[in-house]
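Feature annotations, courtesy of TrEMBL:
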type	residues	note
BINDING	43-48, 151-152, 176-182, 201-205, 270-273, 327	GTP binding site
BINDING	47, 182	Mg(2+) binding site
SIGNAL	1-18	signal peptide
């Protein structure tokens, strides 16, 4: 989850005299300190949004910081190809070239040491390259909704020649694409529009939620992330539960919670790029059997938007601010976050009687 807290220092002290704050007791001559939480189910793109804030508002990742992600890139790449190979057995998909079976055995023999050392040896890179080029492996990849696979699998595997070079240094985009399960709470600070933000990335899996739920107390805005592309996937921790349905349950519990009656809800329908690719060959009826529209981006995305917004039981007094996002697209995130910040400022000034 992402907990967002902004510290408004530009409001002049005479504005603050009668402003009711939900956090702390700011008064005349003090700073207003409302807090903001951004949340969502696991793998909805929350950590990527945090990374984008660093790229947009903190001059990005230094070369040394990028180097530190090298082992994560290698691990993500190795884990992705291993997940596909394992799934081939479960889905009874054969290799296009029978000699790839030897490569698969080599992959599992070499991968453990490579991951432990955070390296990509040339022999392992060659094995992965041959496997990824195999028709059977590609057929299994195309059925990835039937098993758990990192969204960035194709991104790294298609660029294996570059990332396997001895002088490889991860790019900003490589860093954005890395996947590490969030445990605990990770804090990021940045300044935007003269507002001082604190953003907290908190684990989205069910087991992680009890660690961050107490952080909601007193929030003035919540950013909720949903992976649009998860409509045909199941949870990693519960293969009976559709990921979109899980997101809707969590959104319902937060949006209609009595503690958040006056809280702005900002909905990020994320991974729109993956959704646009997927919707043409994987029907939305997998998630919503009652859906009768076309399997086209605009119509299907609007339907999902309406399903979430319809969960709001206080439509007369509470508005949901929805944005379609691609967390790996820096320009898109920058544009959306600019709009989000305007909403936060507007609503906070309204609470203070200044709007």
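Along the chain as shown, the residues are counted starting at 1.
Backbone N, Cα and C atoms are what each Cβ position is placed from, and that goes for glycine too.
TrEMBL labels come from automatic prediction, so no person has curated them.
Here the Cβ of residue 180 (GTP binding site) has 11 other Cβ atoms within 10 Å, regardless of which shown protein chain they belong to. When Cβ neighbours within 10 Å are tallied across all protein chains shown, the highest count among the binding-site residues 176, 327 belongs to 327. Neighbour density for residue 270 (GTP binding site): within 10 A of its CB lie 29 other CB atoms from the protein chains shown. Within 10 Å of the C-beta of residue 43 (GTP binding site) there are 25 other C-beta atoms, taking all protein chains into account.
Mapped onto three states, the DSSP output places residue 270 (GTP binding site) in strand.
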